[in-house]
Amino acid sequence: MALVKRTNVQFGGILLSLAGWILSCVTTYVPVWKNLNLELNELENWTMGLWQTCVVQDEGPMQCKDFDSFLALSSELKISRILMCLSNGSGMVGLLLSTLGLECVRIGKENQAQKNRLLLFGGIMLWTSGLCALVPVSWVAYETVQEFWDETIPDIVPRWEFGEALFMGWFGGFFLILGGSLIASLYCFARADHAPVYYTTTQQHEKCLHLDSKYPDLTI
């Protein structure tokens, strides 16, 4: 029964982490981190991501333009690019390590302690991936709110608003942290399951030594 529950927790953690990693990857590359609606021209809708700016015209195709230079970007976009790429990379490594540590995977099954360590390291990598995803989307959201309510900017100037990618990034980061926490917690449960066996063996050994000292001619 305990093995079934442990396996269910493993699959639950892997599925949550996989969903979070996919959302994180999509968030990195879609150009909808910010939206800009022009009141003077309601037929155009501008969007911006980490790599390009796009304009969507009514009944027309989306036209995008990549940013000219990485050095010309604001520090907000530079660090967001780096952190999102780190999130995608660490999430992939965490999923690989966690998959190798699953009970149903036969690779390394003869060494259960090693598989438990793989689960721990995989959970830590997934947890790190979630943090790396939450930081940039939260930072961009904070800067967007500050600019939107900036009283020094004239009211006639259009303001950027939250894009769909920010919400995908938040969900992806939380899924990665939750899935990584579930997977890493299995390492502690595995050690707790082995503790009673070790304690019982030690108790029996001490009892045998006591009988040997009390009845030296007794054969056990």
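Each residue, glycine too, has its Cβ placed from N, Cα and C.
Unlike curated entries, TrEMBL annotations are predicted automatically.
Here TrEMBL flags 12-32, 79-97, 118-142, 167-189 as transmembrane segment.
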Under 8 angstroms, Cβ to Cβ: which one of 12-32, 79-97, 118-142 has the largest number of such pairs with the transmembrane segment (167-189)? 118-142
Positions on the same chain near the transmembrane segment (79-97), where near means CB under 8 A and six or more residues out: 14, 17-18, 20-21, 24-25, 27-28, 50-51, 70, 73, 118-119, 121-130, 132-133, 135-137, 139-140, 173, 176, 180
